[in-house]
Amino acid sequence: ENVSLLFKLYCLTVMTLVAATYTVALRYTRTVETELYFSTTAVCITEVIKLFLSVGILAKETGSLARLITSLKENVFGSPIELLKLSVPSLVYALQNNMAFVALSNLDAAVYQVTYQLKIPCTALCTVLMLNRTLSKLQWFSVFMLCGGVTLVQWKPAQATKVQVEQNPWLGFGAIAVAVLCSGFAGVYFEKVLKSSDTSLWVRNIQMYLSGIVVTLFGVYVSDGAQVLEKGFFYGYTYYVWFVVFLASVGGLYTSVVVKYTDNIMKGFSAAAAIVLSTVASVILFGLQITVTFSLGALLVCISIYLYGLPRQDTTKIQPSETKSSKERLATV
């Protein structure tokens, strides 16, 4: 059990560091680099790299090329139902990203930041409902504390702009509600698929990334199709952009490992810690100023992580009848 616990902590730590590094590198490419790239193509390439990495790891797991081909034929190309099953989270994540964009276009940035953090308790609720798990009162308290801490860490005062954009708050709140539900459902659905069978994690990843490539290619066509045809698929790509793509790919693989061996709630705590760590790195690299709200939010995140990780108290008690019957057995002996 100790080795298992250490492995879980190792996975969470690596995921936190990768996610924080990815956030800092992404901020650099979008603010310092002069020539911007198409983010939709970067997402598509990320899915392709994750697919090839998963195939490589599966090849090492099977031990030979023949076994790899057999595994792919049986579990991927020979199982259309399984492919369809794993296409669900890809489609739901695509819907989530679009709804988040609609919400951000119709809500103030501060309101969006606060409401979007509802995905944390929503994930916990989906975990309880879909996986039949229970959370203690302290764990629920830590989940909502984490939600508040992340909100404070990302909080930025609303700035007045000269250009007034017409916004529809009801549409924004509706979109954010859909995005929050999609985030919780897709993550827990993928976790349920992973843990409901003995199928290899990397086979499941291959199944999901195949559908993910199709979904992201469609996103490229819809969002930037004309510009991609004009300027090229890899327009604006530099070494830093490829580094961001690589980090996103590794982070995606580690996310599946974390979900497999822990759960989506712990993934949320890891993501929150990554937000704090990346903000601290941005202070050093980009000269951002730490505010009182950030300090308070970081403190809440740290406390919530500690509280959630506390072992549950064993509240089971021996019933009086059981105690009496055990005494009678001893007497007869």
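Each Cβ is built from the backbone N, Cα and C atoms, and glycine gets one as well.
Listed in TrEMBL:
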- 7-25: transmembrane segment (TRANSMEM)
- 37-59: transmembrane segment (TRANSMEM)
- 138-155: transmembrane segment (TRANSMEM)
- 170-190: transmembrane segment (TRANSMEM)
- 202-222: transmembrane segment (TRANSMEM)
- 234-257: transmembrane segment (TRANSMEM)
- 269-288: transmembrane segment (TRANSMEM)
- 294-310: transmembrane segment (TRANSMEM)
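The largest share of C-beta pairs under 8 angstroms with the transmembrane segment (269-288) comes from 7-25, of the ranges 7-25, 37-59, 170-190, 202-222. Counting Cβ pairs under 8 Å to the transmembrane segment (138-155), the stretch among 7-25, 37-59, 170-190, 234-257, 294-310 with the most such contacts is 294-310.
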